[in-house]
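**Student:** First, the structure itself, so that you have it in front of you.
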Amino acid sequence: VNSIVLLTNGISFAIQAALLLLIGAWADYGTWRPNITVIFTLAAVAVSFAWLGVEDPSKWQAGVALYILGCKCRRGALTFWTATFPGLVRHLPEVESSAQLVTIGGKSWDEHAEFESLSCNRVSNISFMISSIGEILILVIMVGILKGLKAGNSTTNNTKVFSVLIAFSSALWLLCVLPWFFLEERRPGLALPPSSSFFMIGFRQTYIAKRQCMRLKQMFLYLIFYFLMRDILNTSIIVLSIVSYSTLQLTLLLIVGIIIAIDTVVYSSFWLVQKKFKISTKMTLSFNVIWILVLTVWGLIGIHTNKFGFKHTWEIWFATDVFYGLMVCPWYSYSQTVISEVSPLPQMHLQTHACSKVGKISAFIGPLVSSAIITASGNNNNMPFTFLFGLGTISTMFLYLVDVKKSQMECDEFVRAEADLHAFQG
């Protein structure tokens, strides 16, 4: 069962990586960007309602198919949603005013870059807070549904109620996004290059990104780090989730974890400390990365003992709620901000989606390798942490090599060179 869970996650990520190669570039051109998020969202909601037809173990094949499709659609919507943050921040009135001060000599570029970075972190954290508060309210309602439908009475009831909860949460998801579907003001992207089509532009962009690797060395180093570290975090969470929970236990686990995450990320702790002591985003991200490695070390301990190392329910609660919420959760905000700091502005979405693509590719490698390790080790669920810790150590070295200031100079030189070739149109 553990190997199947990892395999289904790996297959889901592999499909998404291939799909993003084709359609990921569409977000950079014309007004397609919101349409992609809308399509992924509607598909995810449709899959969620299809879960109502999966009520007993005999339909496990359908469950696997729906799980793969649901993960792919949900992650697709999330990818294009988070990719909008850097552009939104650059159009904030205070950020535009700061940029104007740079042009007239009233502010240095370094001061503006620091202000923009803090603004991006602030917007990401506010977004995280709003979504987390909404999630807590929904989960509390779910506890009532679980009690009302008597999920704890039997395994059959537990499975049936799980499907009801998936459909219920997706109905609320649709209700929340409908206003945005119709009211968002769309900004046009780049003009499609000559002799290019929407079906080929993704492959062309991938070629361009590959060609640029050596011209944007700092961005390339960060892509390697992101590729490895995202794999480690995703796979660690999947391995941790291979524990037998009732639906009620899982729901309560999520509620506690989200409350702790709100307290950490949003009620200013990380952002205020960063602002007060003028800590760079890269340094803040490095702090999160250390604790991701600690998570893998915790798992390593459990390879040869049953006394510690994710062997007890209380450890899972502590790791996924207190530890993850306090120390690891800000990764999702700060890792995205660093992408915007090492990428050239005219190709912001190209580079953001390049990170998304490498993240998805790494995300299916980790679960597949971990599945093979578990099988080869005689179903030792802790053995994958050897692979994850080693990979994490190497990944951290690449982050250490990234120089954000040097990256800004590389981006400026790159944009000037590409402008002479009329690479950026529209």
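Start at 1 and count along the chain as shown; that gives each residue its number.
Cβ atoms here come from the backbone N, Cα and C positions, even for glycine.
So TrEMBL has the following annotated:
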TRANSMEM  6-29  transmembrane segment
TRANSMEM  36-54  transmembrane segment
TRANSMEM  126-149  transmembrane segment
TRANSMEM  161-183  transmembrane segment
TRANSMEM  219-244  transmembrane segment
TRANSMEM  250-273  transmembrane segment
TRANSMEM  285-304  transmembrane segment
TRANSMEM  316-334  transmembrane segment
TRANSMEM  358-377  transmembrane segment
TRANSMEM  383-402  transmembrane segment
**Student:** Do any residues of this chain, six or more beyond the ends of the transmembrane segment (161-183), have a C-beta under 8 angstroms from a C-beta of it, and if so which?
**Tutor:** 34, 38, 41-42, 44-45, 48-49, 51-55, 70, 134, 138, 141-142, 145-146, 149, 151, 247, 251
**Student:** State the non-local partners of the transmembrane segment (285-304) in its own chain: residues 6+ outside its ends, Cβ under 8 Å from one of its Cβ atoms.
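**Tutor:** Distal contacts: 229, 232-233, 236, 239-240, 310-311, 315, 319, 323-324, 327-328, 330-331, 334-335, 338, 380, 382-386, 388-389, 392-393, 395-396, 399-400.
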**Student:** Find the member of 126-149, 219-244, 316-334 that has more C-beta pairs under 8 Å to the transmembrane segment (6-29) than any other listed stretch.
**Tutor:** 219-244
